[in-house]
Ligand code: GLN
């Protein structure tokens, strides 16, 4: 039954698999050598369950997706005031590698463009570049829940070809934004960009942000909620380079892309997404990654401005009024991530009941993604010789033709009674 979500993701990936628009980044020679066909999508639920599809084993360099995490570490180590004195939070409307600062403050406009990211790397505490990189490396790995590795070739390549970034760092030093040796800040920055991730690492990093700084898979708090709030805010306004406006209206999730082909997207409180496809559009964003995120948002209703409530509130209680009968009581808004949790919980319990009673009488709102998952669940139960009853007095799930149609009850007692009779008759399915 957990394959319901899997099927959604497989289908969305397949829908865009044929798209071959865009080109590999080639200003770092190593990036031009990757397989252009690599295509992967991973999604982590708020409790750390990961779904993945496509080439999720492929490792690629994190590149600019590192920027929000370094910014978060700077905030975490120095506090917001000290970081704000060096790096702004305004969208720049310029390319990510623009050699520019804010006209009046003479500081980088935001931490998601190279100027701001190099400044953020220089703020990470440490006596040497190695110490600062180690701190970053540990921090990112805490988000991913595993030790990330450095791609030494990409690092060497970035270093050998990074004159534009050198120009930025020396400009920042001349304005007094960078303390210390600009080459040291650059070295940290080149290394942070060269850490290798998979789409699944990105989904786990995203969900750690979605959970306010706690990695749900490891249970470890990596940073605090105030840092996450600030980081996500900057991702909303500046995460997708100068395509931020388009992205926010069409996809509606704080996100960050990188020239390695990755995108990380966060639905606060609910889930984290990682995608990979290395062909980029003119703005430097992964073509298929953007499309996949757009489809996910549209089909699963993930836009953050249309999400009213926290999915963790969905499952209110689970109990067993009789042997072989389990009641799943839901409340709040039943949207994709709530339905995902419900389907996965019912699936996990499937050896423990003959009849699952789903009580939606306290649900305020339900969307089409959740509705279709519930009918998929009902069909799936039947194929396992079990049955799902629905307590839906207001008819919010039931639509003509829905799989739940014949098993709708007005209250839990009626459903339990019907389940008892069916079990007494020796019914199965
Ligand atoms: N390392 C790359 C650079 O500094 C990162 C850029 C990116 O992903 N947009 O140019």
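Placed from the backbone N, Cα and C atoms, the Cβ positions cover glycine too.
Those TrEMBL annotations? Automatic predictions, nothing curated.
TrEMBL lists 64, 114, 158, 165, 241, 259 as substrate-binding residues, and of the candidates 51, 140, 189, 276 the one it assigns to that same site is 189.
Residue counts of the domain 'STAS' (315-388) by helix, strand and coil are 32 helix, 32 strand, 10 coil (DSSP-based). Largest Cα to Cα distance within the recorded substrate binders 64, 114, 158, 165, 189, 241, 259: about 20 Å as a whole number. Among the binding-site residues 114, 189, 241, 259, the residues whose Cβ sits under 6 Å from any atom of ligand 1 are 114, 259. Note on the binding-site residues 189, 241: the fewest other CB atoms within 10 A surround the CB of 241.
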